[in-house]
Amino acid sequence: MAEKTEFGADYTEHDEKIATETHKQPQLADTTGRRASVALNIVHNPLQSVSPEQNVRDAQAFADKFGMGEHASLFGRAALVARDPSRFEMVNELLDDERAALIYERDHKWNGPVMLWYSIALCAVGAATQGWDQTGSNGANLSFPEEFGIHGKGRDEWIVGVVNAIIFLTAGLIGAFIVDPLNHYLGRRGEIFLTACCLTATPIGSAFARSWQGLFAARFVMGIGIGAKNATVPIYSAEMAPARIRGALVMFWQLWVVAGIFLGFCANVIVKDTGRIAWRLQLGSAFIPSFILMAGIWFCPESPRWLMKHGRVSEGFKSMAALRAHPIIGARDYYYSYIIYEEELKVAGSSGYFSRMRDCFTVPRIRRANYGASTVMIAQQMCGINIISFYSSTIFENVGYTATQALYASLGYGAIQVVFTIPTLFLIDTKGRRTLTLITFPLMCVFLLAAGLSLLKTDGSRGEKIGPVVLFVYLFTICYSLGEGPVAFQYSAEVFPTIQREQGMAWAVCINNTFAGILSLTFPRMQTVMTPTGAFGFYAGLNLIAWFMIFCFVRETKQLTLEELDQVFSVPTSQFLGYEIKVWLPYFIKRHILRRKIEKPPPLIEKADVIGDTSEAII
């Protein structure tokens with residue numbers, strides 16, 4: 001039987017239509033006079049399938065249909081801009097202020113209204129909750145086991161592990177899968193408010209726990225809130241952000257996760273001298289960013305795409321207009337989203353929750369996106385970063401630091417994550433998600449292995465024993481912050497179609513948090529059974545496996561709209577892998593390893609309006 005795409009077309013009529021572009025495009029001359037090969041697959045704009053006059057009529061009919069008749073002319077002009085966005089200056093129908101706004105947007109990448117920056121920043125602050133919770137338990141691990149009489153070996157190690165791990169297990173196995181009904185009935189903002197309430201109350205409950213069972217119960221509920229929040233906030237940010245800087249804006253999520261890690265370590269250091277209640281203050285302080293999120297979310301607009309999805313089209317345009325610098329920009333982005341959404345509806349119809357979840361594994365385009373999202377999510381745990389996030393204070397204490405020195409060393413780890421995540425704001429939409437991860441994973445393998453081997457040194461001064469371990473852990477952290485750290489949630493939030501976005505993100509968050517829970521649960525015992533060096537070596541090896549998985553399944557998504565990604569993932573996996581193995585890898589080896597000056601091959605996928613400009617290659 002022929003394979004189906006999300007548009008319901010037969011493989012031979014849809015995927016093959018894209019795939020057969022191979023070698024059939026003419027060569028174009030670039031600005032230097034050299035011949036530039038056209039991409040093997042072109043991302044086509046669906047508005048170009050009809051005449052400009054028909055675009056205008058369709059857009060005006062769209063405005064009238066949904067009670068926006070006063071904006072009919074605006075949408076007509078916006079449709080012409082969306083039809084060929086790189087050549088908007090040729091649209092004579094544009095008003096002077098509209099043309100000026102589009103020129104300013106083109107020339108000023110970071111231009112945007114206050115509401116866009118406020119909404120993205122507020123969601124990013126909410127991400128700090130997860131990082132703060134991780135580091136609160138990191139510091140608390142030095143004292144709460146003794147408080148509850150579970151500081152021995154064997155069974156006690158498993159109890160400490162499960163107390164630390166439970167927030168991630170419930171986040172992945174429960175919280176992620178209640179996202180769809182919560183989003184359906186409450187909207188993006190309402191769901192975020194509810195989870196922020198949960199994450200404000202549960203850290204305070206952890207601080208008042210009277211037994212390890214009580215602490216376990218508080219963290220059990222906390223995990224549900226974390227999972228639901230983690231699956232919604234990146235989607236909300238991705239649906240608001242312009243395509244040209246979506247990676248950087250949504251990446252504020254990761255920046256504030258690591259900021260939360262750093263602030264959590266700061267809190268650990270600040271309260272370290274408070275005696276037996278220190279661990280309670282370390283756990284309880286995590287309510288601060290959630291409280292800010294809870295108080296501020298109602299000043300944000302609802303997601304335009306969520307409103308569109310629920311039939312509130314005119315409200316969706318008002319929301320989009322508030323998130324863009326000029327009405328023409330808002331109308332352009334909103335109308336283009338609507339056109340693609342209508343195509344999705346022709347197949348999805350009124351499909352229910354479980355059928356949309358099934359689509360993530362059965363519909364080829366969505367399944368390929370799921371491969372990529374699942375890969376970057378599980379790779380975040382395979383790389384071993386969270387053995388540092390969860391247990392760095394314990395690791396540093398075991399190699400010879402005092403408890404206070406271990407907290408300060410962990411503070412340095414948190415500071416490095418913040419500092420080296422910032423450059424990625426500017427790299428993720430230029431170098432791309434795939435490139436950053438492929439570069440950094442081999443380096444993470446080397447540095448993590450070196451940190452593990454450094455633990456074998458038992459003679460010499462304390463500085464000689466401790467210094468190399470801390471150095472290589474910090475270098476490992478730098479590489480993580482420049483690649484996998486920012487990419488995982490950013491990539492997963494953007495690759496799924498509008499209709500399956502909640503289900504796809506729920507599955508990705510399930511993968512990420514469940515494996516984080518397994519890591520947190522097993523590492524205390526793993527250190528005893530395998531030795532710390534063996535545990536570090538184990539995760540160093542997983543970095544290489546993660547690199548191979550990314551090479552096979554992760555496709556580049558930089559600077560494409562959420563709708564254009566449909567065509568990126570319509571390229572069959574066999575063709576994608578064939579290109580990577582037979583074309584890209586030989587070129588990379590010859591050009592960057594053997595240092596041969598050879599012509600760059602045509603990219604696998606390229607936007608139709610930038611054919612001939614190889615700087616815009618997508619894959």
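Placement of Cβ uses the backbone N, Cα and C atoms for every residue, glycine included.
Listed in TrEMBL for this protein:
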TRANSMEM  114-132  transmembrane segment
DOMAIN    119-558  domain 'Major facilitator superfamily (MFS) profile'
TRANSMEM  158-179  transmembrane segment
TRANSMEM  191-209  transmembrane segment
TRANSMEM  215-236  transmembrane segment
TRANSMEM  248-271  transmembrane segment
TRANSMEM  277-300  transmembrane segment
TRANSMEM  371-391  transmembrane segment
TRANSMEM  411-428  transmembrane segment
TRANSMEM  435-454  transmembrane segment
TRANSMEM  466-483  transmembrane segment
TRANSMEM  504-523  transmembrane segment
TRANSMEM  535-554  transmembrane segment
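Here the domain 'Major facilitator superfamily (MFS) profile' (119-558) returns a mean pLDDT of 84 for the predicted model. Remark: the transmembrane segment (466-483) makes no contact with the transmembrane segment (215-236), by the rule of 3 or more CB pairs under 8 A. Counting Cβ pairs under 8 Å that are 6 or more residues apart, the transmembrane segment (191-209) and the transmembrane segment (435-454) reach fewer than 3 and are not in contact. Between the transmembrane segment (504-523) and the transmembrane segment (215-236), three or more CB pairs separated by 6 or more residues in sequence fall under 8 Å, so the two stretches touch.
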